[in-house]
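Remarks on the structure that follows.
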Amino acid sequence: MTTDYSNILKTIKPDGDEYRRVMELSDSLVECLNGLAEEQGIDAEAVLVGSVAKGTWLSGAADIDIFIHFPLTTPEDELKESGLRLGYGCIERFGGEAEERYASHPYVTGYIDGYEVDFVPCYRIDDASMLRSAVDRTILHTRYIQENLRDEQRDDVLLLKQFMKSTGTYGSEFRVGGFAGYLAELLVLRYGDFEGVLEGALQWRPGYIIDLEGHGTGKGFEDPLVVVDPVDRNRNVAAALTLQRMAEFVTASLNFLGNPSPEYFQPPSYSTDAAEITGTLSCRGSRVIVISTGVPDVPSDALYPQLRKTLDSVVKNLEAEGFSVLGADYWSDESKSTFMVLEMDVWELPSYLKRYGPPVWSRRHRERFLRKHERVWVEGSRLTIESPRRHRSAVSYLRDLLSKPDRLRMGKHIGVEIRRGFSVDLLDDVIGEAEKEFLEFMDAFLNPWKALER
């Protein structure tokens, strides 16, 4: 590295006290689980995995992942039941709160001593050929990083994760579509250090392949970036990365290398001033429409794909009606409210719409058209009329469209919420009552460059 990152690392790297607290709790939990398994005669072993096990977690963001692995001969129902029982038992012994979740199969999350701890049952495998479920790879991932990442490179991983986080490109969940932690670690292995990753990213193009172990399977994937999993030749670690986030990371890398400011390791400053946001909108000369509804009782991994599907359908219908959309996005507090926002280039249309009929030369069709319509003229060779629009404003059109949601391609649970109730408003009419988080989202929506340059 050519830049001094010591001051940045002081803010993002766990200090001695934090490291000790996290590791002591992790070790105690693993010991508790293994003790419970022995007491109950369960053939299973707990092991610490993830960023805590690899020493690559950002300060204040230690999510402890403990996998409970069972022999391959264990029936799946028994694995689920015994794994959950051990997780619940451990959480109870530590006086924590439990929440059951679901990935490829159920697991339990505990909130213990201020930390979020996942207890995940899986199968004990030695290589990917023995894979029974997607989570089984995680132990192999942890082992690979532990064996290949040099101690000094852990600082580079922290810098890369924080840079990605501050530029909005970190996180493989659907809502973000960015870089997973394991992917960031592999990039450091490939390029050597933090700056090496940024310089290497400038060479990326859609379909770019990174294959650390030379598996030779990269051409079989069609994702924007292909990083062949070192422990599973048939998996692309970057499969969740969208082209948008990939391009944003390349842009942020280019900006940083040209001006390596420490501000790139801090989140952008987004406005929470409603007047400032409406002022920005006024200068742009556009209008923002806000569609709001409730939050369905589904996990966030199910919520956001449904929002994306619904919003895409809304935009398609608006465009087909003649209302031009500059940009669209969605946001939810995941408890009470869900919002879809659309910045409109054209939000109001003339009272009449020009419609074209058959060519003048079409004897049968022209006569029927002329009988049906008055005030017909010719443009080119087509009979033409003016027809009154049903909806001149995009707001009016959307209220009508959403009141008959069968006309939209919507996510199932979002559709239920819209049928229960929704509102369609101009941003100017509702921004005064908006919460801080929504205002920050709106500023980011109107100023997407803020995440990528400082």
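Every residue gets a Cβ built from N, Cα and C, even glycine.
Going by Swiss-Prot, these are the annotated features:
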- S51, K54, H141, K161, Y170: ATP binding site (BINDING)
- S51, K54, H141, K161, Y170: CTP binding site (BINDING)
- D63, D65, D118: Mg(2+) binding site (BINDING)
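Known features from Swiss-Prot, placed on the structure.
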| residue | record | DSSP class |
| --- | --- | --- |
| S51 | ATP binding site | helix |
| D63 | Mg(2+) binding site | coil |
| D118 | Mg(2+) binding site | strand |
| H141 | ATP binding site | helix |
| K161 | ATP binding site | helix |
| Y170 | ATP binding site | strand |
Inset, instruction - Pull out the binding-site residues from the set D63, D65, D118 whose C-alpha sits within 10 Å of the C-alpha of S51 (ATP binding site). - result: D63, D65
Legend entry - Residues within 8 Å of the D63, D65, D118 Cβ centre (excluding the Mg(2+) site residues themselves): G50, V52, I64, I66, T109, E116, V117, V120
Legend entry - Fewest other C-beta atoms within 10 angstroms, as judged across D63, D65, D118, which are the binding-site residues: D63
Inset, instruction - Quick one: give me the count of other CB atoms within 10 A of the CB of Y170 (ATP binding site). - result: 22
Inset, instruction - Would you mind listing, in sequence order, the residues at least six apart from K54 (ATP binding site) in the same chain with a Cβ closer than 8 Å to its Cβ? - result: T142, I145, Q146, L149, R154, E185
